[in-house]
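Per Swiss-Prot, the feature transmembrane segment maps to 29-49, 70-90, 93-113, 133-153, 177-197, 209-229, 251-271, 273-293, 298-318, 349-369.
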Amino acid sequence: MFQWIYESFGNDYGFLRVFSYVTLRAMMAGLTSMFITFIFGKSLISFLLSLKFRESVRNDGPQSHANKSGTPTMGGLIMILSLTISTLLWGNLSNWNVILLLISAILFAGLGFTDDYMKSVKKIKGGMRARTKFIVTILFAVTITTLYFYYTGKSNVNLQKGIVFSITDLFLPFVKGPVWNLGIFAVPFAIIVLIGSSHAVNLTDGLDGLASGTVVISTATFALIAYVSGTPSAANYLHIPYLPGSHEYSVFLAGLSGALLGFLWFNCHPAQVFMGDTGSLFLGSTLGLVAIMLKKEILLVILGGIFVAEAVSVILQVGSFKLTGKRIFKMAPLHHHFELSGWSEEKVVIRFWIIGIILAIITLSTLKIQ
C-alpha cells in the first residue's frame, strides 16, 4: 500500500520518497508482523482454547511430551494473518511474484488448517486422509509453479554482463553460471521442490521452537539473497543472476521473519501454542517457492539442511523397517532420536538452531565463492 502511495503522490509530496526504499519497507514489514503477533498472540491462544483447538500427543512418542497434550494448536493462523497484513501494507503489490508468494502461503495455510481442524475438533485420527492431502498438495504445487513460469516469462537478463539465462536453467552452489537447462522438466522439478520443502518443514515441527527457530534463520537468509539478486550492482559484484524485481521478495520475507520471531515468543519451551500444519505447511512451501524464484533450488538443500535431515531420517526409518524389519534410529524424525538418546528438548532445539546458523553462513558464502 505504501509503495502505491509513493507512486501515486510521490511527485507532489517529496517526503513520500522514503517508501520507495526496499530496505525501509522490509524493516517495517518485519516490525509490523512481529508486533501484530506479539499484541494478538495471547488473545489468539485464548481463542483457540475456547474453541478446543488442542493438540493430541502421540502415545508412542517420548514420555517427556505427555504434558504437551491439550496445548492449543493452529498457531500458524496468527503468522499467516500478520504476514498478510504486513505484505499488503509494505509490499510492492504490482510485483506479480510477491502476490504469488502470498497466495501460495494462504493456500497451504488453508490446507494445514483443514487438517488441524479434522484432528483437533472432529477428532479424526491422523486428520485428512493421506491420499487426499497429497493430491491437494500436488494440485496447489502444480497451479503455483505453472503460474510462476507462465507469468515470469522465458528469460531474465543480467544487465551488467549481458548474460541471458532461462528461468528453466539450473544453478549449483559454488559454480558460476547455469549448469543445465531443465527445459520441460523445469515445472516437475519445481513441483518436487515445493512439495518436498513443505513436508520437510512439517516433519521438523515436533519440538517447542524447533521449526519456528530454524525456519526464521532460512527466511532471513533468503531475504538477504533476494535483496542482492534484485540489485544490479550487488548481483554484478557477486557474479550471481540478476533477477529484476526479486529485491521486493525481501519485504515479504522480512514480514515472514517478523511473524516467526513473534510466534517464537509463545512457541519457545514450554510452548503456549503450536503452529500445527496450519503453520508448517505454508512455511515449508514458502521456502520452496522462494528458492525456485531465486534460482536457488539446490542451495536450499544446504540452507535447509535441518529439514532435509529430518525428512531423510523418516525415509530411511520407514524404508529400513519395511525391508529388514529393523529401525535405524530410536525414533524418527531425527529430533526424537536425540531426545531418546538422552538430550533434553531444549538442548536438541538450541543445537539444531546452531547448525541452522552455520548452514546459513555457508549458504551466504556461496554467493561469493564460485
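Keep in mind that glycine also has a Cβ here, set from the backbone N, Cα and C atoms.
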* **Contact set, same chain, for the transmembrane segment (177-197): CB under 8 Å, 6 or more residues outside the stretch** => 137-138, 141-142, 144-146, 148-149, 163, 165-171, 284-285, 287-289, 291-292, 297, 300, 304, 307, 311
* Annotated stretches the transmembrane segment (298-318) and the transmembrane segment (349-369) touching (3 or more Cβ pairs under 8 Å) -> yes
* To do: Please check if the transmembrane segment (70-90) comes into contact with the transmembrane segment (349-369), where contact means 3 or more CB pairs closer than 8 Å and the residues in each pair are separated by 6 or more positions.
  => no
* Where else in the chain does the transmembrane segment (133-153) make close Cβ contacts, counting only residues six or more beyond its ends and a cut-off under 8 Å? -> 96-97, 100, 103-104, 107-108, 111, 115, 127, 167-168, 186-187, 190-191, 194-195, 198-199, 281, 285, 289, 292-293
* Asked: Looking at the stretches 29-49, 93-113, 349-369, which one shares the most CB pairs under 8 Å with the transmembrane segment (251-271)?
  -> 29-49
* Intrachain neighbours beyond the transmembrane segment (29-49), with Cβ under 8 angstroms and 6 or more residues off its ends -> 72-75, 77-79, 81-83, 85-87, 89-91, 251-252, 254-259, 261-263, 265-266, 272-273
* Asked: So what's near the transmembrane segment (349-369) in sequence-distant terms, Cβ-Cβ under 8 Å and 6+ beyond its ends?
  -> 173-174, 207-210, 213-214, 217-218, 220-221, 224-225, 228, 238, 240, 269, 299, 302-306, 335, 343
